[in-house]
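Here is what TrEMBL records for this protein:
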| type | residues | note |
| --- | --- | --- |
| DOMAIN | 31-210 | domain 'Aminopeptidase N-like N-terminal' |
| DOMAIN | 249-428 | domain 'Peptidase M1 membrane alanine aminopeptidase' |
| BINDING | His306, His310, Glu329 | Zn(2+) binding site |
| ACT_SITE | Glu307 | active site, proton acceptor |
| ACT_SITE | Tyr382 | active site, proton donor |
Amino acid sequence: MSTAQTHRFLGADGARDPYTPFVGCCTATVEHYDLDLDYDVEDNGLEARATLTCRALQDTDRIELDLTELAVTDVRFGTGGLGGLLGGRRVRADHRGSRLVLSLPRTVPAGESFTLTVAYEGYPESLDGPWGEIGWAELDDGVLVAGQPTGSSTWFPCVDHPSHKATYRVAVHADADYEVVVHGELESVVERDGERHWVYTSRVPLPPYLATVQIGPYERRELTGSRVPQHLVCSKKRRKKAEKTFAEQGRMIEVFGDWFDPYPFPSYTVVVVDESLEDPFECYACSVFGKNQLGTDWEEQRLVAHELAHQWFGNSLVLSSWQDIWLNEGFASYAEWIWSEASGGRPASWHAEKAHRTLSKMRQDLVIGDPGQVRLFDDVVYVRGALTVHAIRETVGEDAFRALLHGWATANRDGWVSTAGFREHLRGFVPQHRWAEVDGLLDAWLLRRELPALP
C-alpha cells in the first residue's frame, strides 16, 4: 500500500525545525548544486564556486543560505539560462556567522526558478555544536567530511535541512597524489600539471547532510559478492584488513535487498581513513570508517551492516524532520540483528532480549519519538528504536512484518518519511480490531520514558 504524503519544505511556512532552528530557508529551495572546488591539501586552502539552481517557494526578493566561516567574494543572480559570475546580476550579500542572506535584484514569483552563483574561499574547519564536531575536518594527510546533521555549511552554501533535497555535480581539483571521493558516481578523472580533476554527479536528489568529500593518500579497489558495484577506498597499508572487514558486505546488500527493497543507488563505496573515529558514518551511497573499526568480529561486522542499512533508512528514505531520527537509527540498528540471523549468528530475539536487559538497568529519561536536540544521537535512540521494530515484528507476525518492511522501503524510495507516515503504513498491516492495541504499543515505545516489556 502507498503511504506517500504531500511534502512540506520545513521553513516554507516560516516555521523552523526546533532541533536545528539556526539553519534552513523559508523563501526558496535548492534543486541542484553545481560545485567547483580547488583544494590545497597541504594548507587546507579552498577556492570554490557554487552555482545553485533554486525555486521560489513564495514571492520573494531574498534567500537565506547556510555557510560557515568561509569568505564570500562574489554572488550573481540569473534566470532563463543567464547567470554565472560573468552573465549574472550582482547580488548584495550579508554574511554573518553561519547565515548568508542574499538580497535579490528583483522579486521572484512563487514557483519560478533562478540561479545563484557564489564565489567563496578560505580554510574550512569543523563546526562545534550540540553533537560534537561536524562538517569539514582536516586530517593529518587529507580531509574527512561528516555532514550530519548541519555540517555541510562548512564547505558549500546550502539549505542545510533534510526536507530540502537536490541533485549534484561536484568537481574537485587536488594534488595528483590524493584520491578524492565525493557522494555520487564518478564521471571522470583527468590528471594534468600535477593535479587530478575529479567530477562526480548524483542524479538522485539528496539532502545536504549526505553530501561529502573524502581526500587522502588512498587506493581504490573493487569488492565482490553483489550485483551492486562496490568500491573500497583506503591506504595501501590498510588494504588487507579492510578487504577482510568488508568481505561479507556484498552478501549483506543481497540480504537487505531481499528484506527491504533492492539497493537504492547505482553503487556503494566504503572509505577507511588512517585515523581513529568515534563512530563510522554514512553519506549518500558511501560510508566512512576509522582504522579502529576494521575487523571480522561481531562488533565490527555489525557496524558494516548498520552503515549499509542507512542507504535505505536515512539516505533513500529521508527524514522530513530531525525529531523522527528513530526511523533512521532504529531501523539501521535492527538491520544488524537481521544480518546476524541471516549469517547464521544469534537470532534477533536474542539481541532484543540482551538489549532490553541493558536498557532496563539504565535511567528511563528519554522519549525516542522526540529526543530533543542535545540527545538526538543518544545510544538509547538506537537501541530502543531497534527494540520498537522488534516489538512490532513480534506483535504483527513474521509474514506481515516482512511485508511491512518491504512496503515501507518501496513506497517511500527516494522520498521523505515521518513517524506519522510510518504509523499510517503500519495500520495497513494490522486487523482493524487490533489497531488500538498496536497503536498503543507504538505510543509506549516512542512517546513514553518508561521501558515497556517485550511482547
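Cβ atoms are placed via backbone N, Cα and C, with glycine included.
On the structure: features taken from TrEMBL.
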residue : record                    : DSSP (3 states)
His306  : Zn(2+) binding site       : helix
Glu329  : Zn(2+) binding site       : helix
Tyr382  : active site, proton donor : helix
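Rounded to a whole number, the C-alpha distance linking Glu329 (Zn(2+) binding site) with Tyr382 (active site, proton donor) is 5 angstrom. Packing around Glu329 (Zn(2+) binding site) is summarised by its Cβ count: 26 other Cβ atoms lie within 10 angstroms of its Cβ, all protein chains included. Looking at the domain 'Aminopeptidase N-like N-terminal' (31-210) alone, the prediction's average pLDDT is 95.
All chains included, 25 other C-beta atoms sit within 10 angstroms of the C-beta of Glu307 (active site, proton acceptor). Those same-chain residues not listed among His306, His310, Glu329 yet with C-beta within 8 angstroms of the centroid of the Zn(2+) site C-beta atoms are Glu282, Glu307, Ala309, Phe313, Gly314, Asn328, Phe331, Ala332, Ser333, Ala335, Tyr382.
When the Cα atoms are compared, His310 (Zn(2+) binding site) and Tyr382 (active site, proton donor) turn out to be 12 Å apart. On the backbone, the CA of the residue listed as 'active site, proton acceptor' and the CA of the residue listed as 'active site, proton donor' stand 13 Å apart. Neighbour list (His306 (Zn(2+) binding site), Cβ cut-off 8 Å, at least 6 residues apart, same chain): Pro280, Ala332, Ser333, Ala335, Glu336.
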